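Quick notes on the structure that follows.
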Amino acid sequence: MSSKLLVLLLIFSLNLRGCLVLASDPDPLQDFCIPNPLFGSIKTAHLSILPCKNSDEATTNDFVFSGLKSAGNFTDTGLATIPVNPTVFPGLNTLGMSFVRADLKVDGINPPHFHPRATEIAYVVQGRIYAGFVDSGNRVFARVIEQGEVMVFPRGLVHFLMNVGKTPATIFGSLNSQNPGNQKIPSAVFGSGINEELLQKAFGLSLKQIGTMKRRFNPKT
Ligand SMILES: *[C@@H]1O[C@H](CO)[C@@H](O)[C@H](O)[C@H]1NC(C)=O
């Protein structure tokens with residue numbers, strides 16, 4: 001059998017296993033696994049099964065990420081995030097974690113969203129932020145957190161942030177999956193193409209109001 005075919009079979013069987021039983025990132029089988037660029041783009045492959053390059057070829061720079069020194073690009077809600085996962089930081093591959101820098105302008109918000117595959121710990125680097133999450137019984141746990149404080153958002157629960165201070169705010173979030181996923185509630189509901197009649201009935205909105213929401217929350221913009 002050719003080695004290429006073997007690799008394909010391995011990837012296929014690992015994929016099946018991942019779908020059926022894994023509830024969190026798998027434990028690594030080796031110290032690290034810097035993805036081998038010869039085996040294709042990390043953006044399209046299944047993140048946890050990328051073939052590694054020979055460990056002799058790993059360098060210190062594979063384990064350093066320098067892209068968090070300043071804020072990212074701001075959205076119209078006053079939020080700038082830089083998600084750091086193996087796509088931009090190959091050294092993270094197979095290690096079961098990722099992180100994010102989030103900056104909020106004064107009055108800026110991070111709208112309700114959740115990470116299906118990760119718990120998040122958020123550390124306030126600077127500023128005052130109203131932060132919280134909602135549990136599966138729709139109970140909200142929220143308060144203002146300040147510089148030096150940490151809040152945890154349990155896996156899969158809806159959470160949100162708003163800068164309530166007089167200065168810009170910066171948060172550093174750490175997530176226990178290399179591929180946590182980020183589902184934004186407004187986009188999932190109004191920007192995904194769900195039948196409009198269903199949305200009207202679910203939210204008690206007119207067709208015109210649904211149209212406004214759809215234009216606003218198209219996830220592609
Ligand atoms: C911000 O936008 C510029 C221009 O589109 C882009 O080159 C840059 O990579 C973006 N920065 C981040 C952190 O996404």
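Every residue gets a Cβ built from N, Cα and C, even glycine.
TrEMBL has this to say about the protein:
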type	residues	note
SIGNAL	1-23	signal peptide
DISULFID	Cys33-Cys52	disulfide bond
DOMAIN	66-211	domain 'Cupin type-1'
BINDING	Asn110, His115, Glu120	oxalate binding site
BINDING	His113, His115, Glu120, His159	Mn(2+) binding site
Asn110, His113, His115, Glu120, His159 screened against Cys52 (disulfide bond), Cα within 10 Å - retained binding-site residues: none
Nearest recorded site to Glu120 (oxalate binding site) by CA-CA distance, among recorded positions Cys33, His113, His159: His159
Tally of residues which DSSP labels helix, strand or coil - the domain 'Cupin type-1' (66-211): 22 helix, 59 strand, 65 coil
Distance, Cys33 (disulfide bond) to His113 (Mn(2+) binding site) (CA atoms, angstrom): 30
Any further residue of that chain within 8 Å (Cβ to the Cβ centroid of His113, His115, Glu120, His159) of the recorded Mn(2+) site: Phe114, Ala118, Phe133, Phe153, Leu157, Val158, Pro180, Asn182
Where Cys33 (disulfide bond) falls in three-state DSSP terms: coil
Pairwise Cα distance for Cys33 (disulfide bond)/His159 (Mn(2+) binding site) [Å, integer]: 32
Among His113, His159, the most crowded of the binding-site residues [Cβ within 10 Å]: His159
Spatial separation of His159 (Mn(2+) binding site) from Asn110 (oxalate binding site) - C-alpha basis, Å: 9
Fewest other Cβ within 10 angstroms of its own Cβ, chosen from the disulfide-bonded residues Cys33, Cys52: Cys52
Listed in sequence order, residues with CB under 8 A of His115 (oxalate binding site) and six or more positions away: Phe153, Arg155, Gly156, Leu175, Ser177, Pro180, Gly181, Asn182, Gln183
Other CB atoms, at most 10 A from the CB of Glu120 (oxalate binding site): 24
